[in-house]
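K.L.:
The structure follows.
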Amino acid sequence: MNDRLAARLEAEVRGEILRDEPMARHTSLRVGGPADFFVTPADPDDMRALLAILAETGTPWLAVGGGYNLLIRDGGFRGVVISSARMTSLERLEGNRAVVGAGVANGRLTAFLRNEGLAGLEFLCGIPGTVGGALAMNAGAHGGAILDRVEEILTIGTAGFECKGRELLDYGYRYLKLQPGEIIIGATFVLDSDDPRRISERIDGCRAHRTASQQVGFPNAGSFFKNPPGQAAWRLIEDAGLRGARVGGAQVSEVHTNFLVNRGGATAADFLALAARIKDAVKLKSGTALEEEVKIFGDE
């Protein structure tokens with residue numbers, strides 16, 4: 001099956017196609033077994049052609065951005081991992097709006113908006129990864145969330161391209177519901193006009209906060225658990241006595257207890273075992289059930 005699929009991909013997809021690609025190369029945790037295929041479509045039309053092939057052949061697939069907020073199990077992913085890395089359009093529109101491709105890095109977007117005097121997404125400067133990944137999880141910080149600034153998102157599926165206004169989206173805290181077979185390829189944002197110097201000051205403040213509280217020094221996926229309503233996950237983990245707790249090469253950060261870090265040689269199984277230990281300890285100590293913010297895929 002893989003050889004037949006490979007032949008079709010090579011014949012009909014213009015982007016880069018890698019076989020048996022270790023996902024540890026494409027995730028910020030630096031763990032994860034091989035994907036059968038790792039495909040980076042050349043543009044949105046190429047993405048549509050790829051999705052048509054996968055639908056026709058019944059091939060499982062997974063869309064990724066910058067590989068943050070993602071854990072692939074050690075057995076890898078049986079199917080196709082799709083990267084949006086080449087969806088990098090970035091343009092200012094009339095009316096303090098900007099249209100942004102899913103593959104644009106969050107830091108690049110905040111720098112562009114600052115230079116254009118457009119405010120409202122400064123908090124993204126401290127969130128690693130891409131705009132597509134940020135949209136898919138409704139990323140946020142410092143009281144802001146990315147979908148609050150969206151006018152519409154552009155998605156692609158087997159039926160083609162679709163624009164969805166924010167009022168039609170089902171979203172919430174670290175959550176956006178997408179339809180099966182649907183991938184975000186871009187979004188239009190509505191922003192505020194402001195002096196670039198004031199925007200820079202806010203960006204600097206966000207970066208300073210991140211450096212002081214989240215500069216953990218080892219590969220990580222950012223916050224591993226969601227904050228329960230009215231509570232901070234890091235505090236619950238701290239109170240359970242787990243600062244510095246370790247399973248194999250995976251460790252609860254000494255700097256920020258909601259960050260699990262790869263101290264070297266970690267496996268996905270190490271992170272999963274450590275996460276299970278944390279959930280059990282927090283439940284026992286506080287009665288609170290933690291839920292992973294990191295998305296987990298793949299085979300054991």
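Every residue number used here counts from 1 along the chain in the order it is shown.
Keep in mind that glycine also has a Cβ here, set from the backbone N, Cα and C atoms.
These came from Swiss-Prot, pasted as-is:
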type	residues	note
DOMAIN	30-194	domain 'FAD-binding PCMH-type'
ACT_SITE	Arg174	active site
ACT_SITE	Ser223	active site, proton donor
ACT_SITE	Glu293	active site
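Can you walk me through where each of these features ends up in the structure?
P.N.:
Around Arg174 (active site), the same-chain residues six or more apart in sequence whose CB sits under 8 Å from its CB are Met137, Asn138, Ala139, Gly140, Lys226, Glu293, listed in sequence order. Secondary structure at Arg174 (active site), taken from DSSP and collapsed to helix, strand or coil, is coil.
Under DSSP, Ser223 (active site, proton donor) is assigned to a strand (E or B) in the three-state scheme.
Glu293 (active site) has a Cβ environment of 19 other Cβ atoms inside 10 Å.
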K.L.:
Just to confirm: which same-chain residues, 6+ apart in sequence, have a Cβ under 8 Å from the Cβ of Ser223 (active site, proton donor)?
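P.N.:
Expected: Ala233, Asn258, Phe259, Glu293.
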K.L.:
Find the average pLDDT over the domain 'FAD-binding PCMH-type' (30-194) in the predicted model and report it.
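P.N.:
Taking every residue of the domain 'FAD-binding PCMH-type' (30-194) together, the mean pLDDT is 94.
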